[in-house]
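Beneath this line is the structure, given in structure tokens, with notes to follow.
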């Protein structure tokens, strides 16, 4: 059978990689052959794809021979090493790490926001940071209608954004807490960082490493990626990124200042009409997005819409989405779908 | 022995009431007689105060005969009913509910921010909302030095702010989750509200009841109380209040715009020199405030200090404090101490 594409998934055993494989199946992406790749440690294990057992191979430069589309989600270093090797062998890389996001030569894409950027690719297309994706997806209809001057965002990020080890750690800590045992902290907030803090029943105002300018790398990703995706360097963006004891689903308290006057009912209606966005917005009736409800859902949920009391063009929103799906796997597969519809 | 005051604690069995009794002992407040009061349900139980067993009585108007200072923390309705009765009988009421906070006749006090307001009392002094107290305490040195134009705050509030039932619910939910049982939600986010949602491993963007203007009552408290305490109606304040699965300690992502230019090192040093504030601010070294570290501490912890990247007079802060202590019991006792030092 010659229809379809040879698709490699790098990081096939990871939290996001597993979701990618699931979506390729569920969304009936035209896969002729699936090539699950991983580190040497996980190679040799089997995955089931479309009812067939497929062996996971160690990711090497030659793994990409004959590959059409390579989905990377195995950390920035792997992408830096192997993405150029995949491109050299003719694959288009969709990279879900921070390795190439700010590379001027690489489009950074949320398909419902800037699909046309895909056409400018030179072999690599970057998937934005999870926190950025859900925010720009929610803001895009407002950007188009009213223009956007400024964003101030504080995040409530799930531990799955830091990978499976982080999920296992929150689970283990919660179990220890319930049993009355000592709670061990060996991974969060950042696996490679020097200090680790208890996540269960705590809030940690650090996602990714700290920088000399007192922001974290995660905060700088949200600031820089938003400007790149919206193709507007004049938008003022400020971010405070915080980890909370939630397994899946990032929440964001977003304040924006629009360029022109808006009507709140119209904002609600605009968002309601947008594919991929679900509005849950009635505080009197206690309707608003929450990460538990967003888990395993591919949409971006928006609520707590309200006009700032002092600044009429100021708008507050609460945005929630499953960081492993729209924030990662779903968006990557949507990029692949758009790429295919554009003829690679 | 005639030295000291007759002190009533209304809500003596509650989360905050218990801390009030503890602080009266620890801080050696001049108590001649302690009168623990509660609902009929808890009356008859004993507390230990200064090594003596004291029986809890049901709070009634006549309970306040001969009382000098009455500390109320048993909900707004009890305060509305009984605080005037206490005042009528000659007591000064320090009220830790929202009942009188916005009453123009009632001073709203954080002792290190506006101690002089106490002198204007007419029998009742209000203790601000926990989220407001820690924020204005952290901002006061900056208000004095640079002036303050604007605050945008997103909170990460512990369940103890909703009382002991809320703490018990988060504990029970966490245990059920670990055991793999169904998780029951019967209290949070707001006991008296119609709908209840799981708090464990979730984030709920509702603290207190929703209002017609799409804000919650908690958000309006932060907005209005901040202006009243800082005695400046021109300060623009916006708040998004969110409950997180933390037992004790509210965290706040605060963005402020100051009236004049500031030096970041000077801000750090000003905060460092302020009594009751502890600066933990080095993201490279992973030093920042967290609610687990702030539990059982009376100070306000400040970190993640950084200049906004677009607006030079914009400053981001991360403020954490134990909501049962500085946010409630500690502040009430500090008001009582200031009152006594001013001669009632």
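Just so it is clear, glycine is given a Cβ too, placed from its N, Cα and C backbone atoms.
According to TrEMBL, the protein carries these features:
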type     : residues                                                : note
DOMAIN   : B:6-121                                                 : domain 'Semialdehyde dehydrogenase NAD-binding'
BINDING  : B:13, B:14, B:15, B:16, B:41, B:42, B:160, B:161, B:323 : NADP(+) binding site
BINDING  : B:101                                                   : phosphate binding site
ACT_SITE : B:130                                                   : active site, acyl-thioester intermediate
BINDING  : B:157, B:243                                            : substrate binding site
ACT_SITE : B:250                                                   : active site, proton acceptor
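If you take the C-beta of residue B:160 (NADP(+) binding site) and look for same-chain residues 6 or more apart in sequence within under 8 angstroms, you find B:15, B:166, B:167, B:247, B:248, B:323, B:324. The two recorded residues, residue B:13 (NADP(+) binding site) and residue B:157 (substrate binding site), have Cα atoms 22 Å apart. Take the CB of residue B:323 (NADP(+) binding site) and look out to 10 A: across all protein chains shown you find 30 other CB atoms.
Secondary structure from DSSP puts residue B:323 (NADP(+) binding site) in coil. In this structure, residue B:160 (NADP(+) binding site) is part of a helix by DSSP. Ranking the recorded positions B:41, B:101, B:250 by C-beta neighbours within 10 Å puts B:250 at the top. Residue B:243 (substrate binding site) is surrounded by 28 other CB atoms, counting those within 10 A of its CB over all protein chains shown. Neighbour counts of Cβ atoms within 10 Å were taken for the binding-site residues B:13, B:157; the minimum is at B:13. Per-class residue totals from DSSP over the domain 'Semialdehyde dehydrogenase NAD-binding' (B:6-121), listed helix then strand then coil: 35 helix, 32 strand, 49 coil. Cβ neighbour count for the residue listed as 'active site, acyl-thioester intermediate': 28 (other Cβ atoms within 10 Å of its Cβ, all protein chains included). Within the set of recorded positions B:41, B:101, B:130, B:157, B:243, the entry lying nearest in space to the residue listed as 'active site, proton acceptor' is B:157 (CA atoms).
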